[in-house]
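All remarks here apply to the structure that follows.
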């Protein structure tokens, strides 16, 4: 939409959150509230996004990308004052859409409808409204027929006006030229000395300007988040939206009540999510994979047909048709090629595991390069850290490591080689070689352990 801009108000302190973090930086479904609003605006192709910042400006600004323009509100003197700071930046902008950074449940289709009505009626202003069964504490929309009259705040409403269920959400479209003039006519008539943006509607009405409304069917879009309890309630709404979306896209979710998927996750059809699965960050799961139960993956990639059970993964790549778990721990830098098996109580860190290799149980593999068709026996440990530096272990294709092998890095095991159970290997092993390193077994005859009396 050319000649449009979005202005997102995010200057408030959020005192009720009782946090050192600015309110709009608290996360919902894995993303800051403000980012949800920015993403929504960009999905409807509004070319410019301005964020009005005040409290916590440095913290918020550090998270914004180059596409986002920052407008500074040095003193928080109300919503009208915030827009006054943004208007001088609206060069070659005919219309703006004003949103709140603490309303992350706004949807793209709602913004499209709001903009459409604004344009169709050549309105000076268009308000997004919602109908609440219990609108206590919210500003009411007064109309005569379908004609907007004004917004009445709860404290100023008559008993009859308080029965009105249609409320003001705080999201608006404005004609910039008309808004610029209207802002000159509002004054701070309250004890706080604040300029209220809603006062411009009275100015427009007095001038005979067109003011329209659009009532969203989803009341959750109107929810502003001002407390931890409200954040938790919004999290539940966002989670249900995400789960419903992926089920519509062909993902099987066995128990939605115990499944958590963040907004940045991507799933393909025929993925199955077992109970108590948590998918976070930029995790991607390919078709026919089965995740869970009791699995948490953060910024991981899972290939087609893989099974991941009772596992924690962070920044790991899992190839196709792998079997992971139960009780595996995949740390950052782990790359598993196709058909790899990682069994119970195995930890892998910063290592590449070749196709068809197996690490069945009770092992630690760190800073290692493992070839194809390698078998790593139970209890094998790569000793990669000397207290100062980390060192690399290389295990070539088709090597077989006996149980309880210790590999003291830097060390290389040649292709097709075997290590004897219980060996501590500190020197390179050539290809097709058996390496055994053991202490001599001793028998002490006629020895009887002293017993406690």
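Using the three backbone atoms N, Cα and C, a Cβ is placed for every residue, glycine included.
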Per Swiss-Prot, 378, 384, 385, 403, 438 bind acetyl-CoA; matching candidate in 328, 421: 421
What are the DSSP helix, strand and coil residue counts for the region 'Linker' (229-249)? 20 helix, 0 strand, 1 coil
On the 0 to 100 scale, where does the mean pLDDT of the region 'N-acetyltransferase' (250-453) fall? 97
Among 226, 375, 384, 403, all listed as binding-site residues, which has the most CB atoms within 10 Å of its CB? 384
Return the member of 384, 385, 421, 438 nearest to residue 375 (UDP-N-acetyl-alpha-D-glucosamine binding site) in space, with distance defined Cα to Cα and candidates limited to these binding-site residues. 421
Of all the binding-site residues here, 378, 421, which one's CB has the most other CB atoms within 10 A? 378
Cα distance, residue 385 (acetyl-CoA binding site) to residue 78 (UDP-N-acetyl-alpha-D-glucosamine binding site), nearest Å? 57
